[in-house]
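Okay, structure first, notes after.
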Amino acid sequence: MDVSSFLNALILGVSIASIWLIAALGLTIIYGAAGVINMAHGELIMLGAYSSYMLQFYLGVPYLLCIPASFVIVALVGLALERGLIRYLYHRPLDTLLATYGVSLVLMQGVRLIFGSDPKYLAVPEIFSSNVSLGFASISTFRLVILAVTALLVFALWLLFYKTRFGVQVRAVMQNKEMAASFGINAGRVYMLTFALGAGLAGVAGSLFGVLAIVLPTMGASYVVQAFLMVVVGGGSLAGSVAASGVTGELQSVFASFTNDTFARFIIFVLIVVFLRFRPQGLFAQAGARR
Amino acid sequence: MGNLYHNKTAQWIAYGVFFAVLAIIPLTVDDSFLLNQFATYGVYGMLALSISLCWGFGGILNLGQGIAFGLGAYGMAMTMQMQSQTESNPIPPFMLNNSLDHLPMLWQPFQSTGTGMVLAIAAPTLFCAVFGGIMFRARVSGPFFAIMTLAMLSAFYTIILDRQAYTGGVNGLTPPSAFQFAGVEIDPYSPTAYWVVFCFLMGATVVAKLITQSSFGLVTQAIRNDAERVRFLGYSVAGYETVIYTISGLIAAIAGCCWVMLVQYVSPAQLDVSFSLSMVIWAAIGGRLSLLGSIFGAFLIQGAQSYLGDTFLATWLLILGGFFILVVRFLPNGLASLLESGLGLLATKRPSPAAQSNGDAKPMPAE
């Protein structure tokens, strides 16, 4: 294997990492803050893709505006989900996992009933469908867009969690819910907002993935396990998920250049299981994180 | 008189009635297709039973039961595939399509039916023992363990999909002829096949019930309720968890073998995440704390899927998902808990004189 194809794999790895990270961002926030294992996350991604499709197809909204609009729509869905179901289950972590799986079935079949099982496509501006050449490597422009959006979102989340009052409240509730509540923080409200935020991030991921792949009712299922593993390997913190996605994305890309994509994914899964055996708390453990 | 639901004799009678009803089915059903379908429900019942044992009694939520089921099924399918290969035609056709010119090492033990069967059961069981042992020793538990099983399941799914020359890839294995055991061909549509599944289901249920009533079972249930306390009492929590997880895997592996015997087919879909999650749904809806309830849950859901599924083809998953959400939200212990509280109501409404004289009933005003 020569140097240029290795570099190529590394650059592709950054792109894979950004895709995995943006799929995992919403989950990181929901799991990190509320300890909820949201099995419906993949379907929230799928809803994001479909809301972009709807806005584009029926209202003719330009693609770049569809991304924030999907955020709002899916965040509202997440809000309804939290108020209607999840908030009753915070003290039963295994049951949130099961209930959200029920939600994912309902969402998947509901979308299939409304839109049918035939694939939909999102139209993007002409400029996104070209390739950018970086001398030795070439990468599609849209992957760079995903990378940029991911970087932007991570920065925004960092600002939100570490520079605002709301962020302080979230981190306080994360560390000790009862203590935070006795200092006058409305923990229920914090959970509700973080859940909506996490769902909205899934919506953004969906509107991007809808371009990368086709829009299907079942598209979410392929992302959810991967996204979970990023969160768990990272330990549930934002920095952890960034690091976990970065490392696994690069490894996936490098392994795939030796063998193929599927076998590379198998190696990644096994490595993750081995890694978590020795470090169950993940890369960056949080203070007082629940298990 | 206490709640009849908790009466051990009543429980065994319920088991007897349940299996007597299942035993009548092949005597009354002539349709061999229907009989085959009922037998596959029996396999699903075994899977729900294994989940109930592991999750309901051990408190270990296993979202990767498809590993044990799938490995068992693949082992059985490989055995059956090799049974139909002859001297002149020693290699399964899909391998030739993948340009393999000799039988791979992995397949050689399956040339003998006996070794193949043993491997089909032993390999998944051994995997559960090793994987469970490693995980539980590291004190991985709860939702975290569930995610690890999910990761492992996805790993197996991808490797089976990828190694097409050895596993048949996405098409899976379709052994061309029925399973032959000790010179007898077990036609999947015959009552014999039903009886085989019936015996395994009954055996597994009785063994599981005895386990839950033994002192071993009591300790596992204590671990489910509070693992730390049990650890402080000096029990090896990891050891108990590994054993219950392995037994559950063994039952699932046997179910996998039976399943291939019935349908003569296996594909990576049996290791798909959604199939493993449906096993959990069966147990959750039926009642994970009740072995019989879980089996009933599998019958109920799969039966409804087959019969309502045609009428409500488009909305079936919607109904299932909605029903499942309601059960998790309002009936965490499933439909069996309805029976439990129903019988409990009966017991408190009509307290027997014996209970009063025992002193555990409240003083009653004179009637």
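Using N, Cα and C of the backbone, Cβ positions are placed for all residues, glycine too.
TrEMBL: automatically predicted annotations, no manual curation.
Residues or ranges marked as transmembrane segment by TrEMBL: A:7-37, A:57-81, A:93-115, A:135-161, A:190-217, A:223-247, A:254-276.
A contact links the transmembrane segment (A:190-217) to the transmembrane segment (A:7-37), because at least 3 Cβ pairs that are 6 or more residues apart lie under 8 A. Within the same chain, residues 14, 17-18, 20-21, 23-25, 27-29, 31-32, 37, 39, 41-42, 45, 104, 154, 157-158, 161, 205, 209, 269, 272, 275-276, 281-286, 289 sit at least 6 positions outside the transmembrane segment (A:223-247) and bring their C-beta atoms closer than 8 Å to a C-beta of that stretch. Sequence-distant contacts of the transmembrane segment (A:254-276), counting only residues of its own chain at least 6 positions beyond either end whose CB sits under 8 Å from a CB of the stretch, comprise 1, 5-6, 8-10, 13, 229, 232-233, 248, 282.
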